[in-house]
Structures are given as C-alpha cells and as structure tokens.
Amino acid sequence: SQPFINISFFQPQSFLMTGIPGLEAAHGWISIPFSSMYAVALTGNCLILLAVKRTHSLHQPMYYFLSMLALSDVGLSLSTLPSTLAVLWFNYRVISFHTCLIQMFFLHSFSVVESSVLLAMSFDRFVAISNPLRYASVLTNNVIIRIGAVIVARATLSLFPVPFLLKRLNYCPGKILLSHSFCFHADVMKLACADITVNILYGLYVVLSTVGIDSLLIVISYSLILHTVMGLASPRERVRTLNTCVSHILAVLVFYIPVIGVSMIHRFGRHLPHIVHALVAYVYLVVPPVLNPIIYSVKSKPIRGAMFRVLRGKDQS
C-alpha cells in the first residue's frame, strides 16, 4: 500500500544526454553548423584576446573589459563543446553524475560572469560619456583588476552551492534522460524523486541576484547615458557619442534576449515541443560567443585593425 517507504537513497551513476529531439538521424549533418559555430567562437574570441594583449594602444579600460567578455565566451563555449560534439559526432550520450555537476557549475558560472562583464562595460561607457575628464582616474588598472576579481568571486560563490544541493537529492532509478546535450540545473533537478523546492528557490535567487540585477542596472546606466547625450549641443556630437555604445548594446541584446527566452520556456513553455526547448538552449549558449567577436570586429575599427595584424603575424606597440 506504501511501496516507496523502504526505498533507500539512490543516485544515478550517469545520465543520458539528448541531441536535437526528432532529428537524431540528421545529427551528422547538424554537427557541421555546430562545429563551425564553435570554431568561429573560439577563434574570434582568442583573436580579440591576442589583439588586445599585443596592441599597446588597446591597453585601455574599454578593451580590458572586452577581453573579459571574450574570456567568458571562450569559457562558455568550452563548457558545452565536448558533450555537444560527442553526442552529435559519435552519438556518445552518457555523462557521469559528477561530470554533469561539474559541467553545470562551469556553464552557469560563465553565464553569470558574462552578465557581470556586460554590466561592467555599461559602467565603463557611463563614466566615459558622462565624466570623460575623470575617466582615466576612475578606471585605473587596479580598479579593473578588482572588478574582474569581484566578477569571478560573485559567479563562483553564487553557483558553488548548486552541485551540492543536487547531490543531496534522491533520484528515480528509471529517470536518467536529460533534455539537452549538456547539464542544465533546471533539467537535472527535474529528474529527482524528492522535494526540489529548495533547488527551485535557490535557482530563482541566483537568477534574480545576478542576471536580474545586472539587466536592471544596465538599463539604469543607459538611461543616465541618454540623459547626458541629450544634453550635448550638436546632433552630430550626440550621434558620435551614442555610436561608441552600439557594440555594447548589441552584445547586451545578444546575451539577454536568449536568457529571457530560456527562463520563459522553462517556466511557462512545458507544452511546447522538445525541439523548441533544445533550440532555445543552444541559441542561449552558442550564439553570444559567436556573435560578440563579429559585432566588435565590425563596429570597432581599432579592434578590427588589431585582429588583422594578429592574423598577419605583426605586433604593434
């Protein structure tokens, strides 16, 4: 009458990942665009890092923050690349329980880092536009190093409890199928045969205290920037000033629109086909690292020039 009373604590040895639901037969073909996107993301972001490192004229706060963004994009790509390509190339779908938790920690940590860096970049633009004379004295190298350390510490401390909160749960022996080719917190906790209220609440707290607060502060910083720009006398000056923000605004949209999409689909889109869940998650994880280097190389002449010099093997002091 009470069949579950004597079941002991169960934790699966491994989970089974899913590629793109319903398109398993085409995984070989699908792997081509995925491999290309990973290659573009890693090459583009590493080029930005090398360009900033080797070009002395780019040793400025704006480009240091861009380097942080490129580093977080490399981290985000490397978090999902091994398991995604293993599923698409070799149909290798098994991921051990502990590997899954480690991947999830890094995947979500790099997302928080990316969000924090975008906030730091909006602060950089705000100081540069509203107080240009004090820009160099406000954003010194020491301040930038401290901002970087706070960003890493914030992501690590926010996500550190998550694997342990999942490890304490009792799982169902038959439920080991993940919805993606990587480990998402919301996905893994649904496989538990236990009360996951604490996990849900902590997950919500992390999202609101990181991505939620960051997006709000970015909006506030841009309203202050707009207020300053509107106070400029000539329309040409206004356009020139706003033009320095275009790359950052695009990077913010490229990151936050898929984040909002993923959150909405996990909360309200349970009735949607699995393929929609899978595609939105891939857009969230793969697209920003691909587009950010393209946006900055197209919109920023100094970065574009420095990247070409790296490709040609020339250094510039």
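Think of each number as a place in line: the chain as shown, counted from 1.
Including glycine, each Cβ sits where the backbone N, Cα and C put it.
Positions annotated as domain 'G-protein coupled receptors family 1 profile' by TrEMBL: 44-296. Summarising the annotation, TrEMBL assigns transmembrane segment to 29-52, 64-90, 102-123, 143-166, 200-225, 246-269, 275-298.
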> Among the recorded stretches 29-52, 64-90, 102-123, which has the greatest number of Cβ pairs closer than 8 Å to the transmembrane segment (143-166)?
Replying inline: 102-123
> Along the domain 'G-protein coupled receptors family 1 profile' (44-296), what average pLDDT does this model show?
Replying inline: 90
> Short question: which residues 6 or more past the ends of the transmembrane segment (102-123) have a Cβ under 8 Å from it?
Replying inline: 62, 65-66, 68-69, 72-73, 75-76, 79-80, 83, 95, 147, 150-152, 154-156, 158-160, 162-163, 166, 182-185, 188, 206, 210-211, 214-215, 217-218, 221-222, 248, 251-252, 255, 259, 285, 288
